């Protein structure tokens, strides 16, 4: 039996192509949704871009028929702009205020009631990214779903960048003697390029080692940087060791680091960037950026000069730089950075759209980027540059993103089989016991 899917505005603003995601079913867009989309077209951010894209898609579909009737889609389904079924009679005793959310609920509920009177009535399902809209729908007896087509993977299945590998003492001897072993010698295991193997004794002994798959995924090699001490820090756990290996390898220009606050992502990335920029001269500049304000905003509306506006948003970066430079007095770090000149701390707004060659680029809080934003960013990376995306997918500030459809998760999953990239999920916090407990419990 076919179904009727009523789309909320946030679904279209998250994915303009959502109307093509419902196979051979009917897609209904309430008129109020078009009004909300229209109000967002002037925005110069991702939401505005998607609003303009949706408008163009729907306009193109006008050529196939009348939008208030049934326009055929390539999926085998149909699209309809719903101008009627706006009565609040079924909602007024529960939701008195005529907000746009409630108007969308009214359309879906009235359509559902109409279908119930038919002999072969179809299920009506409201699709929304808004949790409270789905809760309201349930309260009035209306089927509701989240839009899941934009999710790259289930949370428990997100690529960690490593896996346990139990091997024999003979293979341990071969690994330490030849600095590598063939994946063919490890039964029932396959590896992505640059995926780590946490090797353990299959008989329960104390032997252990960490290897990394080569570019073909057929050989496990010893780490190049397995005991590094850079800029006064060294890895405190095996995940940090693996992260540092990726950060220091010139042949891996894309690195993704996932972890909660306190797992060492920012400190390790900054130390690796400083080493390769200031000490080794591999890169001409170290650029650190993060998306700093809610969607649809910019720091231009804040008072003060650019540096004054950036300071509060970028303070976590400056805190780590103060630690690495051992800056203890107020203003000392500013003087150090001004003297060096090759370290640039920016809002993401200021580097997006530029070509970025020969630079070590760190993007913090990358979980707040959309797929389009992260694509735009990566396609601007110039020759000879390395880019590090890091963040915690469980800490999303973007209104239309979640832990499974954000730009960081998207890159991790899409690039996990590519020889130019590597990823590590850091699990252990290295701050105080209180900080780790707070990250786990709160």
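Heads up, residue numbers simply count up from 1 along the chain you see.
A Cβ is built for glycine as well, from the same backbone N, Cα and C atoms used for every other residue.
Residues or ranges marked as domain 'PINc' in Swiss-Prot: 3-135. Residues belonging to the domain 'PINc' (3-135) score a mean pLDDT of 89 in the model.
The local packing around residue 266 (ATP binding site), expressed as other Cβ atoms within 10 Å of its Cβ over all shown chains, amounts to 25. Feature annotation from Swiss-Prot assigns ATP binding site to 259, 260, 261, 262, 263, 264, 265, 266.
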Within 10 Å of the Cβ of residue 262 (ATP binding site), how many other Cβ atoms are there?
18
Counting only other Cβ atoms and using a 10 Å cut-off, which of the binding-site residues 260, 265 scores lowest?
260
Three-class DSSP secondary structure - residue 263 (ATP binding site):
coil
